[in-house]
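S.K.: Below are the features listed in Swiss-Prot for this protein:
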| type | residues | note |
| --- | --- | --- |
| MOD_RES | A2 | N-acetylalanine |
| BINDING | N62, E63, W91, A92, P93, E118, Y119, G120, K121, E333, V334, L335, R336 | substrate binding site |
| BINDING | W107, K143 | (1,4-alpha-D-glucosyl)n binding site |
| MOD_RES | Y173 | phosphotyrosine |
| ACT_SITE | D357 | active site, nucleophile |
| ACT_SITE | E412 | active site, proton donor |
| SITE | D481 | site 'Transition state stabilizer' |
Amino acid sequence: MAAPAAPAAGETGPDARLEAALADVPELARLLEIDPYLKPFAADFQRRYKKFSQVLHDIGENEGGIDKFSRGYESFGIHRCSDGGIYCKEWAPGAEGVFLTGEFSGWNPFSHPYKKLEYGKWELYIPPKQNKSPLIPHGSKLKVVITSKSGEILYRISPWAKYVVRENNNVNYDWIHWAPEDPYKFKHSRPKKPRSLRIYESHVGISSHEGKIASYKHFTSNVLPRIKDLGYNCIQLMAIMEHAYYASFGYQITSFFAASSRYGTPEELKELVDTAHSMGIVVLLDVVHSHASKNSEDGLNMFDGTDSCYFHSGPRGTHDLWDSRLFIYSSWEVLRFLLSNIRWWLEEYCFDGFRFDGVTSMLYHHHGMGQGFSGDYNEYFGLQVDEDALIYLMLANHLAHTLYPDSITIAEDVSGMPALCSPTSQGGGGFDYRLAMAIPDKWIQLLKEFKDEDWNMGNIVYTLTNRRYLEKCVAYAESHDQALVGDKTLAFWLMDAEMYTNMSVLAPFTPVIDRGIQLHKMIRLITHGLGGEGYLNFMGNEFGHPEWLDFPRKGNNESYHYARRQFNLTDDDLLRYKFLNNFDRDMNRLEERCGWLSAPQAYVSEKHEANKTITFERAGLLFIFNFHPSKSYTDYRVGTATPGKFKIVLDSDAAEYGGHQRLDHNTNYFAEAFEHNGRPYSLLVYIPSRVALILQNVDLQN
C-alpha cells in the first residue's frame, strides 16, 4: 500500500493546529485534560491568550508595565503637588479645548486652560498661593469645561472624580475636590481569603428599617455585627460606585472612581471596610464595567463632545435593553481607565475583590439578548464573542490577582462560558467563581408551577450539581434580583399575604406558614450544601423578609417604604422570623466548622421520586432531606461511606428553628456494613415530613 501523501507546504491539519495552540498557551494541556470537549476550540484559546499576552507586552513596552499603567488615578483628574500647586490631566481626544473652572475661579469658564498633549491628553498646572497653600481647597466645587469642534461649550465632571454630590433638588451632581487633611488610615490588615465563601449581598442605602437612605456609619454600627453573628465571612457591597439614579440599584454608573455620597463620605466607607476586616470579613465590590450611564453632564457619556471617547460610536455603543453606553475595550485609554479603576478600589478602599456585573453582556456582541444558551460549545466561540471585552476581563483578573493574590473575583454570567473561571495561563478568563444563576430560577419555577408532591427530586439535584468541573460556583437560592419589585422572594412565594397576619408565635401555625417556614429552611440548606463552592444570601432574606424591594421613583410617588430592610422583625421575640434567622446562622456556623463548601462535590446516593427524599455526603457529613408534604419515614435506610456512630448536628425541625421537635438529638445512629444505594455502609433514621437533617460521624470526628 502506498504511503499517504505528505501535507503541502504551509498546510496545517487539526493535529498541527492543536500542537501550535499547546505550544503558545502555557497550561492549555491541563484545560483540555479537564474538559476534552474543548479540543476543537484550542485555536480560539490560543488566539485569546496570544492577544492577552500581546496587550500585556505592549503595556510593558509603552507604559513600563501593568503596575504603572493601572495607576492612572495618580495623574488623571486633579492632584495636589508637593509644592502646593495643583496638577490636572484629562483624556479628551475629540475636544477643541479643555478648561478647569469652579469656586476657586469664580466659575470663570476659560480662566484656566489645559495644554494639549499627544494622544488626546490635556494637562494643566495651577501654581499655589503665595503662602504655598493650594488654590483649590478640599471640598470646593469644580467642573471641566470642554469646547467641542462644533463650537459647543460643555460643562463636565472629570471621569476620574473621587467625590461627587447632588445638593437639594438639583438634577445633576457636583464634582467636589476631595483631599482631606486627615484621611482615614486603615488599622486592620486584610483577612486571608476564606477557604469557604459565604457571601452576604448588601446595599448600604436600604440597610435601615426606616424609610430613608441609610449611611455607611449605620451599616458599620448596625449591620456588620449582624453579618458576623450570622456566620458570613464575606460582604458583597452593591451600589457603591456613584450612580445618579438611585432606582437603578447602582447599575447606571456615572462616576466610576467616586464612592456614592448618598451614604456618606469616602472616609466613612473606608471605616466600614476596615471594621469588616477587624471582624475577619472580606469585602467585595459589585463592579460595573459592562456599561455606563447615558448621562453626559455628570457621567462619562459625550465627555469630549463626541459619542465615542470611552464608548463605541454609533449603534454599537448603546445597549438597547439597558439604554446605556458600551465601552470600547480595545481602546488604550479605556483599558487604562478600567484597569486603574480596579486598582483604585483595591488600594484606596482596601476591597478584597469584585463581583463583575453583566459579564454575559460583555462576552458577546449580541449581549445575551434574545439568546437561549443550550450548552452547545459552538455558542461560546466564533464571531459572536467580543474578544476585546474578554481580553479586558483577563487583564482585570490578572491585575487583581497579581496585586493581591488573595483577591476574589466572581463573574455574573448566565451563558456558562467554558473556562471563564480557569486561570489565564490555561487561556481562561481568570475568575475565581461564577454565580450559579440557574438555581434561583429552578426554585421559583417549582414554587410557581408545581404542587409540592410533584417536585422532581432528580431535577433538583441536577440543577444544583450541574456545573463545570473545577470551575467554582457561588450557589444561591435567591439574590437581590428575586427581591426586586415585580418578583417575589422565596418567603413571599411560600407564605404570601399570611406573612402580614400569621407570623406571631402567639398564634397557632397555619398550614401556609408552617409549609413556608419548613421549606424556606430546606431550600436554603440544600442549596448551601449541594449547589456550589460558595454561597450567597441577599440581606434580609435569611429571615424571610416579607416584602419586595422598590426604590423611590415616579411610579411609587418617590416612596422609601419598600426601599428598606426590616431587621426589627427578626429582633422581635414574638415573631417567627427569628426562627429562620436562627437556622441561617447555625447553618453557616456549621459550614465554618466542617467546610463543605471547600470540599469536593457531594456524592448523591439517593433522589427518590415517590418518597421525595434526597441524601448526599459532603465533607464527611450526611445530608438527608424529606420534601414530602405529609409522609414521615421511620427506620429509613440511608447509605454512607463510613462505619461508626452518627449524631444529628443540624435539624431543621428543632424548636429554635420553628420546627415541630419530632427528633431526639440524643439518639445515636450506627452505620453497619450493609450496602445501600451504592454505599458500603448504611444506617436507619427517622425523617419526618418537610425536614432536613445533617448527621456527623462522631467516631471520625474524634
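Backbone N, Cα and C define each Cβ position, glycine as well.
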S.K.: Do me a favour and check the Cα-Cα span between P93 (substrate binding site) and K143 ((1,4-alpha-D-glucosyl)n binding site); whole Å is fine.
M.R.: 18
S.K.: Quick one: Cα separation, K121 (substrate binding site) versus K143 ((1,4-alpha-D-glucosyl)n binding site), in Å?
M.R.: 17
S.K.: Could you measure between N62 (substrate binding site) and D357 (active site, nucleophile) for me? Cα positions, answer in whole angstrom.
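M.R.: Rounded to a whole number, the Cα-Cα distance is 30 Å.
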S.K.: Could you state, as a whole number of Å, the largest distance between Cα atoms of any two of N62, E63, W91, A92, P93, E118, Y119, G120, K121, E333, V334, L335, R336, the listed substrate binders?
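M.R.: Greatest Cα separation within the listed binding residues comes to 20 Å.
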S.K.: Determine, using Cα-Cα distances only, which of these recorded positions is closest to W107 ((1,4-alpha-D-glucosyl)n binding site): W91, V334, D357, E412.
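M.R.: Looking at Cα distances from W107 ((1,4-alpha-D-glucosyl)n binding site), the smallest one goes to W91.
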S.K.: Including all protein chains displayed, how many Cβ atoms other than that of D481 (site 'Transition state stabilizer') lie within 10 Å of its Cβ?
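M.R.: Looking across every protein chain shown, the total is 15.
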S.K.: Would you identify the secondary structure of W91 (substrate binding site) according to DSSP, in three states?
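M.R.: The residue in question, W91 (substrate binding site), is strand (DSSP, three-state).
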S.K.: Write down the Cα-Cα distance for E412 (active site, proton donor) and V334 (substrate binding site), rounded and given in Å.
M.R.: 22
S.K.: Return the single residue from the recorded positions list (W91, W107, Y119, Y173) that has the minimum number of other CB atoms within 10 Å.
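M.R.: Each of the recorded positions W91, W107, Y119, Y173 was scored by Cβ atoms within 10 Å; lowest is Y119.
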S.K.: At the Cα level, what's the spacing in Å between the residue listed as 'active site, nucleophile' and the residue listed as 'active site, proton donor', rounded?
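M.R.: Answer for this pair: 6 Å between alpha carbons.
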S.K.: Taking the Cα atoms as reference points, how far is Y119 (substrate binding site) from E412 (active site, proton donor) in Å?
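M.R.: Checking the Cα atoms of Y119 (substrate binding site) and E412 (active site, proton donor) gives a distance of 34 Å.
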S.K.: Measuring Cα to Cα, tell me the gap between E412 (active site, proton donor) and D481 (site 'Transition state stabilizer') in whole angstrom.
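M.R.: Cα-Cα distance, E412 (active site, proton donor) to D481 (site 'Transition state stabilizer'): 12 Å.
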S.K.: Which of the three DSSP states, helix, strand or coil, fits the residue listed as 'active site, nucleophile'?
M.R.: coil
S.K.: On the three-state reduction of DSSP, what should I expect for K121 (substrate binding site)?
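M.R.: SS state of K121 (substrate binding site) = strand.
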S.K.: Using C-alpha atoms, which one of the binding-site residues W91, K143, R336 comes nearest to Y173 (phosphotyrosine)?
M.R.: K143
S.K.: Find the shortest Cα-Cα separation between D481 (site 'Transition state stabilizer') and the binding-site residues W91, K143, R336, and name the residue that gives it.
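M.R.: Of the binding-site residues W91, K143, R336, R336 has its Cα closest to that of D481 (site 'Transition state stabilizer').
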